[in-house]
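Since the structure comes first, as structure tokens, the remarks are kept for the end.
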Amino acid sequence: MRVVIADDVLIVRVGLAQMLANLGVDVVGEAGDPAALLQLVATQLPDVAIVDIRMPPTHKDEGIVAAQRIRKEHPDVAALVLSEYLQPAYADRLLADKPSGLGYLLKERVADPGVLSDALTRVAAGECVVDPGIVERLMRKRADSPLAGLTPRERDVLAGIAQGRSNAGIAAELGVRERTVEALCAQVFRKLDLEPDPNVNRRVLAVLALLRPGRPKVTGGSTVPGGRSGSYRRKGPATHQE
């Protein structure tokens with residue numbers, strides 16, 4: 001896997017680069033500001049860009065803007081945004097349009113090489129990864145949303161999906177069989193009105209349902225697993241209640 005790193009703090013870039021090298025990841029470039037990052041992505045076309053959320057000149061949301069621009073201009077390049085701040089609003093902004101191929105993690109989380117490696121693999125495959133801290137906070141609200149109709153176990157499964165876990169990973173975390181997780185995923189998708197469609201990654205759309213008070217809505221298409229842009233199709237109002 002080929003990766004570029006963007007952070008205005010040199011020691012952070014050096015530390016990330018060393019960790020990635022130990023994981024066998026090829027770091028093909030580093031940048032200290034958004035302009036340098038965008039130029040680097042255009043010339044290197046990496047698999048993933050790792051982007052700090054706050055960079056010059058204002059140190060506010062440059063990372064979010066840069067990540068969204070990268071996804072728009074280079075659909076084959078994924079972006080993993082790192083932040084020191086547990087802000088659901090940042091995650092919502094980042095994933096507001098096309099969430100596939102995007103991730104939002106706290107910097108403290110990627111101190112674990114396994115977490116970083118897994119997140120990179122998943123966003124590069126077109127999936128969406130949200131920090132577990134964000135997921136936990138969002139699960140406490142949404143009383144007036146479709147999430148309110150999920151059972152506690154279904155909510156556990158949705159949380160696992162949002163964190164980028166596979167069905168096998170969710171099963172191991174919950175101590176159940178993978179077949180049980182598959183059935184629970186189907187229930188989650190049904191309750192969120194996400195019908196099967198070969199052109200749509202329902203796991204990505206389920207994450208949107210978690211991030212937003214209303215039903216998942218994607219403009220400009222979603223992404224099929226391992227692929228790129230596709231259509232989004234949602235059923236009418238749900239008639240089943242459990």
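Placement of Cβ uses the backbone N, Cα and C atoms for every residue, glycine included.
Residues annotated as compositional bias 'Basic residues' in TrEMBL: 231-242.
What TrEMBL lists as domain 'Response regulatory' is 2-122. If you take every residue in the domain 'Response regulatory' (2-122) and average the pLDDT, you get 93.
Annotated domain 'HTH luxR-type' per TrEMBL: 143-214, in sequence order.
In sequence order, Ala6, Asp7, Asp8, Val9, Val12, Gly63, Val81, Leu82, Ser83 are the residues of the chain that are 6 or more apart from Asp52 (4-aspartylphosphate) and have a CB within less than 8 Å of its CB. According to TrEMBL, the 4-aspartylphosphate annotation covers Asp52.
Annotation source TrEMBL lists region 'Disordered' at 216-242.
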